[in-house]
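Taken verbatim from TrEMBL:
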type: TRANSMEM; residues: 46-65; note: transmembrane segment
type: DOMAIN; residues: 49-471; note: domain 'Major facilitator superfamily (MFS) profile'
type: TRANSMEM; residues: 85-109; note: transmembrane segment
type: TRANSMEM; residues: 139-163; note: transmembrane segment
type: TRANSMEM; residues: 175-197; note: transmembrane segment
type: TRANSMEM; residues: 286-310; note: transmembrane segment
type: TRANSMEM; residues: 322-342; note: transmembrane segment
type: TRANSMEM; residues: 349-373; note: transmembrane segment
type: TRANSMEM; residues: 379-405; note: transmembrane segment
type: TRANSMEM; residues: 417-440; note: transmembrane segment
type: TRANSMEM; residues: 446-463; note: transmembrane segment
Amino acid sequence: MRGRHLDAYSAYKRVASKDHINAFDREESSGLVNAKGIGNPSWRRSLPHMLVATLSSFLFGYHLGVVNETLDSISMDLGFSGNPLAKGLVVSTCLGAAFFGSIFSGWILDGVGHRRAFQLCALPMIIGASMSATTKSLWGMLLGRIFVGTGMGIGPPVAAIYVSEISPAFVRGTFGSFTQIATCLGLMGSLFIGLPAKDIVGWWRVCFWVSTVPAAVLAVCMEFCAESPQWLFKRGRGTEAEAEFEKLLGAAHVKFAIAELSKSDRGDELEAVKFSELFYGRHFKMVFIGSTIFALQQLSGINAVFYFSSTVFKSFGVPSDLANICVGIANLSGSVVAMILMDKLGRKVLLLGSFSGMAVAMGLQVIGASSYASGSGALSLSVGGMLLFVLMFSLGAGPVPSLLLSEILPGRIRAKAMSVCMAVHWVINFFVGLLFLPLLEQIGPIVLYTIFATFCLLAVIFVKRNVVETKGKSLQEIEIALIPPQ
C-alpha cells in the first residue's frame, strides 16, 4: 500500500526539476478522483468540517479589529487615556504574541494533530478575552491580549493546512477562500459590535465577552470533526486515515485517496523534521517561495491601509465609522469574488491580477497626494484608490498565499514550513505598522506609496517566474511534481 516510488513519481524523476514543473503547469486539471473514472466526491461531506475550522479565522479577524472602536473607551476606564505608548501596547502585544504562536504552530500541529491544535488555538482566546473583559488595569489587559495573540498565531496556519487537506481537489480553492471571508466577517463583526462603545460605559467589556462564544463553539465542535487523513497517514495510522477519508469523501473514493497518499510517500514520513531542513536542500525552494510571497504581501502596504485608513479618510472629512464600513465592504466583496473564481481561473492568475491592480491603486493614491490633484479630485483619487487597493488585495493577494502554501509545501514539512512562512508575515506586518506613520511624516505620501507600488510590481514578477498553478490537483500530485528526488 505504501510503495515508495510509483509510476507517476518515476516519470517525474526522469526529467530535471524545472522541466517537470513546466510539464506540471501544462497538465490538464483533474479532480482528486477523476483518474478512477468515478467522478468527484461530494463537497457536502467536507463542508461542515471546513465551516467549523473557519471559526478560527473569524476569531482572528474579530480580535484584529476589536480594539479599533473600543480603544478610547478602554483607555479611559483603565486610566491610560493620555498615554499613547500604552495604547500602542494594547495593539502590538497581540501581534507580538501572534508571532510566537505562529512559530510553534507547526510543532503543535505535527505533535497533536489538527483537531487538538484548533482546540489549543481556542483555549487561550477564551482565557485572554475573559481576562480582558474583567480586568481593572492596563497590565491585566496586556496579559489578556498576549493570550489572545497566541491563539491568533496558532489559528491561521492550522486552518489553511486543515482546509486544504480535507477538501476535494476540485473545490479546494473555493473552500480555502472561506478562511479569508471568515476573517473579513470577523473584522466587520468587531467593528459593528464596537460602535456603541462611545456611548455606553463599559460596552468594550461586552465586545470581549462576545468573542468567547465562537471560540467555545470551535473547541466543542472540533470534537466531532474529522482529523486530517494526511496527518494520520503520516503518523502510520492508515486504518484511521481510511475511516476519515470515508467520512470526508465517501466510501467509493477511499482506496484511490489512500493510493494517492502512497504516491508521495518517500519512506521518511515518520522521521522528525529538523528545523534546519527547511533552509537547505530540496525543501528550501518551496519555503523560500512561501516566505517571499508573504513578505511581498505585507510590503505591498495592505496592513498600513487597514490600520490607518481612518486617518486618511478623516483628513478628507469622512467619518471613521463610514471609512471602516467602506473598507470592510470592499474587503468582503473581493473575497467573495475570489471564492467564486479560485477554482475557475486558478491561484496564479488571481495573484498576478491582484498585485497588478494593487500597483495601479497605489498609483492613483500617488496622483491624489500630488500637486496635480486638488479638492474633490484629490478626494476621489485618494479614497477611491484606497478602496480599490483593498478590493484588489482581497481578490488574490489576501486569500491565495496561505492556500497556495498549504498546497505546494510537501506533507512531511508542511506544518513547520507554514509556521516559518507565517512568522515572516507577522514580523513584516509588525514593522510596516510600526514605521508607516513615521515614514509618512519623513518622506511623504508620494514616495511612500510609490515604494508600496514598487513592491506590488516586484510581486507580479516573482509570481510570474516562481509560482505554478495548482487548481484541480491533489496535494499528492503537486508534491510529486514540485519536489525533486533525493
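The first residue you see is number 1, and the count goes up from there.
Backbone N, Cα and C define each Cβ position, glycine as well.
Between the transmembrane segment (322-342) and the stretches 46-65, 175-197, 349-373, it is 175-197 that has the most C-beta pairs under 8 angstroms. Residues 292-293, 296-297, 299-301, 304, 348, 351-352, 355-356, 358-359, 362-363, 365-366, 369-370, 397, 436, 439-440 of the same chain, all 6+ positions outside the transmembrane segment (446-463), place their C-beta atoms under 8 angstroms from a C-beta of that stretch. The stretch from 46-65, 85-109, 139-163, 175-197, 286-310 that makes the most Cβ contacts under 8 Å with the transmembrane segment (417-440) is 286-310. Two recorded stretches are said to be in contact when at least 3 C-beta pairs lie under 8 angstroms, sequence spacing 6 or more; the transmembrane segment (286-310) and the transmembrane segment (379-405) meet this definition. Outside the transmembrane segment (46-65), and at least 6 residues removed from its termini, the chain residues within Cβ reach (under 8 Å) are 94, 118, 121-122, 125, 129, 148-149, 151-152, 155-156, 158-159, 162-163, 166-168, 175, 178-191, 194, 211, 214-215, 217-218, 221-222, 225-226, 248-249. If you look at the transmembrane segment (349-373), the same-chain residues 6 or more away from its ends with a CB under 8 A from one of its CBs are 293, 296, 300-302, 338, 341-342, 379-382, 384-386, 388-389, 391-393, 395-398, 400-401, 404, 444-446, 449-450, 452-453, 456-457, 459-460, 463-464, 467, 469. Counting residues 6+ beyond its ends, the transmembrane segment (379-405) has Cβ neighbours under 8 Å at 156-157, 160, 163-164, 172-173, 176-177, 179-180, 184, 290, 293-294, 297, 300-302, 305-306, 309, 312-313, 316, 318, 326-327, 330-335, 337-339, 341-342, 347, 350-355, 357-358, 360-365, 367-369, 373, 417-418, 421-422, 459, 467, 470 in the same chain. Mean model confidence of the domain 'Major facilitator superfamily (MFS) profile' (49-471) amounts to 87 (pLDDT, 0 to 100 scale).
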